[in-house]
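If you check Swiss-Prot, you get these features:
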BINDING   101, 104-105, 109, 111-114, 129-137, 141  5-phospho-alpha-D-ribose 1-diphosphate binding site
BINDING   101, 132  anthranilate 1 binding site
BINDING   113, 246  Mg(2+) 1 binding site
BINDING   187  anthranilate 2 binding site
BINDING   245, 246  Mg(2+) 2 binding site
C-alpha cells in the first residue's frame, strides 16, 4: 500500500494542515482565533462558490462574535481583492481617497459619505468611492447616486476615466466583486451585521491610499485600522460616539488615525472647530429620491445640520489625504480641510462637479 504524500505548506496554509469547515467553525464558536492561512482558506471557499450557505452564515456570524483580529480581516480582504476586478491605476495613481462606512449603525441617516465625496473631489482631491445599494437602511450610496442621475454600472476602465476626467468615480461593488455574490446573498438573509460588514471599506478595487472610513462598532474600528496600517495607508477610521459610522456632529467621535504604519486613537470634538451640536433626528434620511433631494440642497448651498455633517466628513477625508505627506500637522490640516470643504460648496464647485459627473457617466 502506498503512503499518501505529506500535505505541503503554502502561503494560504503555512501550517501544512488541510483546513476544514469543522475545524474552523469549531475554533470560532469556542472563541479561539484562527491560525495563519485558515481565514484565507475559508474566504477562498466562499468566493469560489465551494462553501454552502450554512457554512458561510456560520462563519460570518461566529467570526464577528469571536471578534476578528486585524490579521484575520487582512486575510479576508486580501482574498476578496484577489478575486476582484480592479480599477486600472496607471493613469489615476493610488494617491486617491475613499469615503465609506461599514453601515449597520441603524440610524438611517442621509448619505453623508456620498455628499462628502463630491465635496472632496470639488476641492481638488481625486476620489474613488466604493459602495453598494442599501443593506439595512432605506437608501445606500448607490441608490442615491442613481437617483441623482448617475450611471452606477460602470466597469473598471470607465471608473478610471471618470476619475481622470471629472475627479471622482464610483465603483459599484457588485460590478467589481462578482465572486462575493455567494456571501452577499447569505448576508442579506441573515439581516444582522457580520464580519462581512468590515470588508467593503477594505476592498476598494482602486486601492486608494487615503480614506475616511466609518465603522459602526468601536471595538472593530481598531481592527480595521490595524489592516490599513499594514498597507501603509493614511486613513482616519472613525466612530461617532453616538453610534454613527461617520464623524458625527451630535457629540464627539473616536478617531483611529493611521499614518506611516502606526495607529493613534484620538477623541475628536467638532465643537472645537465651531460646529453646533445637532440631534441625530436632524440627520435622518429617507428613500433614494429623498436623499438625492437632500444632496442637491446641500451642494446647492443650503445651510443647516446636514451641511455641517457633510463639511465635517469631507474635511476628515482631506485631512486623511494630507496625511500621505509625512509633515502634515493635525490641527492645521483640519483648519485647511474645513476651509476647503466649505469653499467647494459655497463657490458652486461641488454642485457643478456633480452635474459634470452625471453627464460624463451618461455619455460613456
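Yeah, the Cβs are placed from backbone N, Cα and C, and that goes for glycine too.
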Spatial separation of residue 133 (5-phospho-alpha-D-ribose 1-diphosphate binding site) from residue 245 (Mg(2+) 2 binding site) - C-alpha basis, Å: 16
Count of other CB atoms lying within 10 Å of the CB belonging to residue 245 (Mg(2+) 2 binding site): 27
Number of Cβ atoms other than its own within 10 Å, given for residue 133 (5-phospho-alpha-D-ribose 1-diphosphate binding site): 17
Distant-in-sequence Cβ neighbours of residue 130 (5-phospho-alpha-D-ribose 1-diphosphate binding site), under 8 Å, six or more positions away: 98, 100, 171, 173, 176, 200, 201, 203, 204, 205, 206
Proximal residue to residue 109 (5-phospho-alpha-D-ribose 1-diphosphate binding site) among binding-site residues 132, 187, 246 (C-alpha distance): 246
Proximal residue to residue 246 (Mg(2+) 1 binding site) among binding-site residues 101, 132, 133, 187 (C-alpha distance): 101
Nonlocal residues around residue 101 (5-phospho-alpha-D-ribose 1-diphosphate binding site), in sequence order (Cβ under 8 Å, 6 or more apart): 113, 201, 213, 214, 215, 216, 245, 246
